[in-house]
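Trainee: Before we start, here is the structure in question, set down as structure tokens.
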Amino acid sequence: MRAIYMVTTRLSSSLRPILLDFVFCSPRKFSNPKRLICAATKLNGGGGGRSGSIVAPLVVNEDFQRIDVNPPKGTRDFPPEDMRLRNWLFNHFKEVSRLFGYEEVDFPVLETEALFIRKAGEEIRDQLYCFEDRGNRRVALRPELTPSLARLVIQKGKSVSLPLKWFAVGQCWRYERMTRGRRREHYQWNMDIIGVPQVTAEAELISSIVTFFKRIGITASDVGFKVSSRKVLQEMLRKYGVPENLFGRVCVIIDKIEKIPVDELKKELGSTGISEDAIEQLLLVLSVKSLDDLEEILGGAGEAIADLKQLFSLAEKFGYSEWIQFDASVVRGLAYYTGIVFEGFDRKGKLRAICGGGRYDRLLSTYGGDDIPACGFGFGDAVIVELLKEKDLLPELGQEIENIVCALDKDLQGAAATVATALRSKGQTVDLVLEYKPLKWVFKRADRVNARRLVLVGKKEWEDGSVSVKVLSSGEQFQVKLNDLE
């Protein structure tokens, strides 16, 4: 700005506004590229003869367009009002995690591509934002947090004691079709337990999500959890001689059971080599909504039945049995799940899954580590906000400032800064009016930011080492010494 000022002072009064409009690219005057050329010509001395120009000749692209001010498709800006909501939500994520004794971790948003495509055939493979960096390394923006967690656990090795209870809130990226509550970037809350093979781990994870829902006003009549086990599917596929290596692919297909027609689902399952009889029996099992009915089909001796019975028993002890229900069709789309899986859903069926998770006991060996029993969940920020809107539960989160400090005289701006610094050193929030403004403007500002009080620095009071304080809720006004200002 100083350089522009120095240049403009050396121009004639007729050329000065042209330069300023040119520098700040006035959309009204220079939306047409020809006007830009005209302005540049005038600044260069009119274009005729020798010029004592202050700027170089301008080359203008006739196809010049103003930059699109919207964020890329599927992404978001967070202006202050949206940031307040995001912070409110994340604070609940973090507080619930703290209540359950979990420690916070984080990972790079950018990871090696191999971390996410190691499990061949996963749907996620086609959803990566991936590229080759300048060191010829294949990298990707993380689409989820669990593989990064597994990498960190392997890296730490025996330097950490099991069990690990970790949580993270991080940004994830997936290039996929956008629907309500689904974007190409989102933030996700993960809680994971590493080193506990018992179903008590899954039971506690679901309890933590229920605790979160209760804190934000969501009830069991609004939301429920569908629970099943990957072992149900494994037992069925084993019964019909389906090879183990097809398991992940079959899970990805079955995860679409509520998203595509049954005939299309059968066609996709048939393409894996599963017989028609096996497909019919598989779909029959997947339609089961009762543990008793499942036990009749599979028998009571399998691990799947035992795990699920224990989970439902623990749900009563944790106090959330009314929140969960058995649904054999829940398998989750990611191939690394090995046992119990669960999804949170809104009971009116208007939204996609709110959250989901399960057991992944064999994920670490996929990356070259030793298998350690583990389970966890992911909870995105987009669907829950849609649900809160649906239930009219979004909080009103205006800006809140404790003090507005204002100088009543232009010469007292420095004194006002001293007062603001004193209050901030005591942990109070202060909005310092940085230029001389009439009191009417200051009161409007105070109302807009929900200020608790005004601290006015007047000449007479300041000479006495005091300031005037006005409590806005009551209208009470008094003078106080600066050293006594709390």
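Placed from the backbone N, Cα and C atoms, the Cβ positions cover glycine too.
Not my notes, these are from TrEMBL:
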BINDING   Glu144, Leu145, Thr146, Arg174, Gln188, Asp192, Arg332, Tyr336, Tyr337  L-histidine binding site
DOMAIN    74-395  domain 'Aminoacyl-transfer RNA synthetases class-II family profile'
Trainee: How many angstrom lie between the most widely spaced Cα atoms of the L-histidine binders Glu144, Leu145, Thr146, Arg174, Gln188, Asp192, Arg332, Tyr336, Tyr337?
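Mentor: Binding-site diameter by Cα atoms for L-histidine: 21 Å.
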Trainee: Please give me the CB contact count at 10 A for Glu144 (L-histidine binding site), counting all chains in the structure.
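Mentor: Around Glu144 (L-histidine binding site), other Cβ atoms within 10 Å: 18.
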Trainee: Let me check the 10 A CB neighbour count of Thr146 (L-histidine binding site). How many other CB atoms are there?
Mentor: 23
Trainee: Do any residues at least six apart in sequence from Gln188 (L-histidine binding site), in the same chain, have a Cβ closer than 8 Å to its Cβ, and if so which, in order?
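Mentor: Set apart from Gln188 (L-histidine binding site) by at least 6 residues yet with Cβ under 8 Å, we have Glu144, Leu145, Val169, Gly170, Gln171, Cys172, Gly378, Phe379, Gly380, Asp381.
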Trainee: Return the count of C-beta atoms lying within 10 angstroms of the C-beta of Tyr337 (L-histidine binding site), excluding that atom itself.
Mentor: 24
Trainee: Across the domain 'Aminoacyl-transfer RNA synthetases class-II family profile' (74-395), what is the average pLDDT of the model, as a whole number?
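Mentor: Across the residues of the domain 'Aminoacyl-transfer RNA synthetases class-II family profile' (74-395) the model's pLDDT averages 90 on the 0 to 100 scale.
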